[in-house]
């Protein structure tokens, strides 16, 4: 019995969130999938109970000193858990918003890159391409002796190299050092004769001491070494050698420094920190290792060129400033234009000189406002070369110590590629070091797959191969893990903050596989999100490999392929929120398929399904044509999106879907509809936008950054609720207005916690602890406000209701029930009205935004762009969502989705499949048309998987 217990994780009485006293035995060392409707309690069981308790027990085992760095987790609401081992959660959250954090740094691949470049990289002079290397005396001697016996060798000590001057003192010093002969400008002289040459002081000269002439043979090593040592000593470490072997004349430069012997370019010590853009030792000094700098541009400081200077066209040079007036009066006089001339009418050449400066001296006269008002002559006269408006503003920005001024300037600046390092982040010295012709940033500019190919085919000599063997092993294994989790398309220099939650999670997963731990409980949150079916197979293989290492892998997942691969399934339900929190079925796949209570099982068995539509809308209502899309990996493609139909953009991960829709199409349409073309880039032209009147982008960004933001405030019906409470007789008798029922303003809120509902307690040896406010007991409002009740419920009680409960409670209040209806339609009946925005997933935030848009009055000419709306949705929730989206289209609107879910794709009226692969191998339109046409395309991965469903 004791042995069998150790093979299970035993959970008894789990009551966290909506869990209803759940008891479950989970087999260890297997792939366990927890399924169920959105809000049914999957994450509450996996993350908030099992992982939380495993983590908490580990934390308790370390010292108080260590705990202050590790953090402390509260005990989950569960009676008993046994069989736990150390647990690791791999969640869907952005890794870091730090611009210095990249895919290469977070996977530690870049650390190994720095190491291999420091060990076997070869430095080349940036000026002449010559190999730079430190050479010892013995190495120089051996190199010269390697030439054929009998070769004539002349050793020169370079003293002056291409410098102006008569160099009299240099020649005198050479004489005093005891040398007899010199070579000056390619001519040989006795030192006495050289002193009488009277070299022209304004011309460049080269002076070398002729140290020795040697004929190579058996007994010359000692003499050669002594002469070389002398040459290096008098020339500060440089030596030039002429070798004549009768067949050819060879000219070689040697140096004992890490510098170019020809131009003198000096390189610091080659070590790993030289290649770190986070270290002042290796970072570009201009951009401090960011690769970009903040710069002013003409469009930002002069948004309306139809205005003149006197109309205050320039936001940073107003007529109210005497200095600005002085500058522009001087410029106008010098370049012959009027201060009332619209900026757009100033000649381009003149405008360029005004913006960027010139070498011409310009006369300026500064007059105070008092002198100008009295039309007095005089003032401060000065003449100088004008640096240009943009450099002047940059200088002011760098010089100011005023925080408000800095913020004002930064709002007018934009990020530009660093002019010094060209976006490579590193110093010139670091970029001179190369392996097979590539510097370290050239390698980070490659995709994960291309990087793997580069190192797999890397040819090295015997010495370098031995030095780099272990480093290469680590690099290739990490790259292979990333490929195995479907991230072959990512570039190693990609900023980690730009990764989706799914990509970030799979990077963590790849890192964990690389660590090769065993005996661990891994808890993952929908790792298949954002993955094409082709890549999903790789991901599942990775999860199985993680299990085979001797770990327990618990996955919260809706993906059918993952469910069918699982060793054990726990299906939560039967509904969401208060209607969920129970285990409706558990066991192997066959047990779930045979369960009458399992909604998941009924979809997997085919009893319930999302049908292929009997007919599809025809694309005959016009189109929007986006021509020449070329941003990121897009290959100058022409995109045609039919209006009035349901379109899905498909393609493998990294094929360019998000770039095309979110970074090119949306800004293009948004700017055209708002008559503002400033933000348009990445395409040549857009046609047909006149046929729509509004564009709405519904993404997965949070609906708010603080605990005060919630679904009720975002969608807008909290205002209606507050006004309803303010109209109650009790509220009127107390003189309460609608503002009394807001936790954001003084009056009705609890002032001890300022409407947060909790207090932040600072601990000395522990992290900050958030505890419910002891005055309002976490209710956010003061006692007087809570005494006002509607149908027996106060404002706090209402905010604690789920959307489903609230819909029943407010069914006779149309202004409120109208909004709640749409939240239910998008599958959010389980969330609370006052649930903090910080606790909502990306998918939940997106569906709240969708509900908000649905609640508005439709014009029938709206263009919707929605990015993967099925994120976090069960089969049944997807069915509901599709009904909503199809209704939007039936009302005359256009809906365009980015989606991988095949149930959604098969319902589309029109598909545009990008690819054929990810990264550089993507960016093309592989096929477009109705699903049946896409399924026939042999080059389409989407078509390959779609074929079986039609």
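Just so you know, glycine gets a Cβ as well, placed from its N, Cα and C.
The ATP binding site feature in Swiss-Prot is assigned to 36-43, 651-658; the stated evidence is sequence analysis. When Cβ atoms from all protein chains are considered, those within 10 Å of residue 40 (ATP binding site) total 30, not counting its own.
Taken from Swiss-Prot, the feature domain 'ABC transporter 1' covers 317-599.
Averaged over the domain 'ABC transporter 2' (619-947), the predicted model reaches a pLDDT of 91. Residues or ranges marked as domain 'ABC transporter 2' by Swiss-Prot on the basis of sequence analysis: 619-947.
Under the heading zinc finger, Swiss-Prot lists 260-287 (among others). Here the zinc finger (260-287) has Cβ contacts under 8 Å with residues 100, 111, 113-115, 117-118, 121, 123, 125-128, 130, 132, 161, 238-240, 253-254, 293, 418-421, 424-427, 429-430, 432-433, 440 of the same chain, all six or more residues outside its ends.
Positions annotated as zinc finger by Swiss-Prot, on the basis of sequence analysis: 750-776 (among others).
For residue 42 (ATP binding site), the same-chain residues 6+ apart in sequence whose C-beta sits under 8 angstroms from its C-beta are 34, 35, 36, 556, 572. In three-state terms derived from DSSP, residue 36 (ATP binding site) belongs to an extended strand segment. Broken down by DSSP into helix, strand and coil, the zinc finger (260-287) contains 4 helix, 2 strand, 22 coil. Non-local neighbourhood of residue 651 (ATP binding site): 532, 657, 913, 914, 915, 922, 926, 941, 942, each in the same chain, at least six residues away, with C-beta under 8 Å from its C-beta. Taking each of the binding-site residues 38, 653, 655 in turn and counting other Cβ atoms within 10 Å of its Cβ gives the largest count for 655.
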